[in-house]
């Protein structure tokens, strides 16, 4: 009697798949074949593995899950941004976003913003995800599955479609699901899978200081973005409750350690909120970052029902940016994508939950 635990094949790297295939009584080379079908070609069921016989496919089906995320809803913005609401095997829903950017160096840039948790425990004041609380962590297969299933859907329209960049900026705090996120990155980077370069992937964190240091040691090639939002602990406590555990002094020390170990610049994200995007706030950010290898990305906040926060004026955004530039801080204003479809994380999922109540 076979008592071996049935595993999600999307969770497994080539070595693990090879071992699992051997345990199923299959030739070891099947592991590489299965990995390529699942991770590179983003197949949705075992019948699509055309170079594997029916008998071996049945063994794979008996010993491994191949269960794609199910698309529940899709919204398409006027700028081409697509927002997907997917349902997991246990019925939970998650969001991810596909953003297309201008052609550069003769190649299209297709960026997927992925979620790492169902809900979020951090509870940032301007984020829709945290309004419903934290449910659970996503598995490596569920994290990278967002990329695979978007790839599969888009290849119905363009057979040559390929995701080029990943940002871990969707639902959840990536560094609170650390092991699963790093495993997903490993799988996405594999040249026989999606083959996405480490430097084309960026993790965004609310400021989990110990994990920032650990990331510098475990994977120094992946980009890091820190949700800063304020240079004052009192304000940041209100915007990002994580600050009460890891206040600015501890966070910035971890960031300095990160740049010392990796020699890589950190992107500091600042959500600009009407009434708070002041010159005084900009000057405080400039002073905080003056000795840090940093780039500031300004994000005019998306209005979210239930937060009471409004967007700043274009003049407020411009003055904030100019102030930082005058202090020698590199700064950019995020190119907005999908504003007409509520593309910020958590909004589509929250909309569905409100409809079902």
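Glycine is treated like the rest: Cβ placed from N, Cα and C.
Annotated features, as they stand in Swiss-Prot:
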type     : residues                          : note
ACT_SITE : 95                                : active site, proton acceptor
ACT_SITE : 345                               : active site, S-methylcysteine intermediate
BINDING  : 120, 124, 127                     : [4Fe-4S] cluster binding site
BINDING  : 172, 173, 204, 227, 228, 229, 302 : S-adenosyl-L-methionine binding site
DISULFID : 113-345                           : disulfide bond
DOMAIN   : 106-340                           : domain 'Radical SAM core'
Between 0 and 100, where does the mean pLDDT of the domain 'Radical SAM core' (106-340) sit? 93
Rounded to the nearest angstrom, how far is the Cα of residue 229 (S-adenosyl-L-methionine binding site) from the Cα of residue 113 (disulfide bond)? 20
Using the structure shown, find which entry in 227, 302 (the binding-site residues) has the sparsest Cβ neighbourhood within 10 Å. 302
Roughly how many Å lie between the Cα atoms of residue 120 ([4Fe-4S] cluster binding site) and residue 229 (S-adenosyl-L-methionine binding site), rounded to a whole value? 18
Site diameter for S-adenosyl-L-methionine, Å, by largest Cα distance between 172, 173, 204, 227, 228, 229, 302: 19
Would you mind listing, in sequence order, the residues at least six apart from residue 204 (S-adenosyl-L-methionine binding site) in the same chain with a Cβ closer than 8 Å to its Cβ? 167, 168, 169, 174, 225, 226, 227, 269
Expressed in Å to no decimal places, the gap between the Cα atoms of residue 172 (S-adenosyl-L-methionine binding site) and residue 127 ([4Fe-4S] cluster binding site) is 10
Candidates 95, 173, 228, 229, 302 (recorded positions); nearest Cα to residue 127 ([4Fe-4S] cluster binding site) turns out to be 302
Sorted by position, what residues of the same chain at least six away from residue 228 (S-adenosyl-L-methionine binding site) have a C-beta under 8 A from it? 207, 236, 268, 269, 270, 285, 288, 296
Cα of residue 124 ([4Fe-4S] cluster binding site) to Cα of residue 229 (S-adenosyl-L-methionine binding site): how many Å, rounded? 10
C-alpha of residue 229 (S-adenosyl-L-methionine binding site) to C-alpha of the residue listed as 'active site, proton acceptor': distance in Å? 23
